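A short write-up of the structure that comes next.
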């Protein structure tokens, strides 16, 4: 009986410990650099604003390049590759949430036309599966299968991300047509500078909140600094807090102005967006084009043969 009580006690203690860890992880999760795709999904119904800007740029302030490659035309109900390229210098390291340096992650959002969606696993060709690797794609919303997000994933391994896309069949989906459609993409490398609530991350520059003289700089126990700025006019002091990560570019005794940078800008990443176009091709149109080309080729062959025959007749008449 005592053993049973002891077992129940231990089981209860372990359950409580797991619950506490889950709560702590939930609270701390936003500061972790792996959270950025979720920020957009939680805060915005659509990742692309009416102005054409993708909402990831609200948190990732630096502009960087991103590129996308898709076929110019695709047949209905076929799988094709959309390759998103997020280039950056693989040697650089970023500031992590704890202030230490680490490798960059990358992420991307792909906005497809209505009707296009992620290809089912059983439809993806083996060579495409090999390019995808262990990547996991998800829909931006349960009702938006045409908007796909990925990341964060290690940038050194996935600076090129291959999306397997299934094209629609206009014969079955009456909302799609054999027209030219735009595809939009956004891609980022590294952590953002601002969280959705407007607060700064430790991956950005910190500015002075007041004009005055730096009277004291204190290093905090867990990293970062507290900078005391004394107003030389009224003697009031303001304390600016800098989290671990950014490096100070001011010193004690220095006179500073409001909004003057106190730190360097540690950000080495950035966000970029691009677009491409794809045209679903009508198979009958393709067959008609091939038939037309074949008929033109045959006509040219007959024309050449007829010309040679005519030349032979002319030559025979001249000899006669």
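Just so you know, glycine gets a Cβ as well, placed from its N, Cα and C.
Taken from Swiss-Prot, the feature signal peptide covers 1-35.
As annotated by Swiss-Prot, heme binding site applies to 36, 56, 59, 60, with the evidence given as sequence analysis.
With a threshold of 8 Å between CB atoms, the same-chain residues lying at least 6 positions outside the transmembrane segment (286-306) that come near it are 75. Swiss-Prot lists 286-306 with the feature transmembrane segment, giving sequence analysis as the kind of evidence.
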Binding-site residues (56, 59), the one with most neighbouring Cβ atoms at 10 Å: 56
C-beta crowding around residue 60 (heme binding site), within 10 angstroms: 26
Residue 56 (heme binding site) in three-state DSSP notation: helix
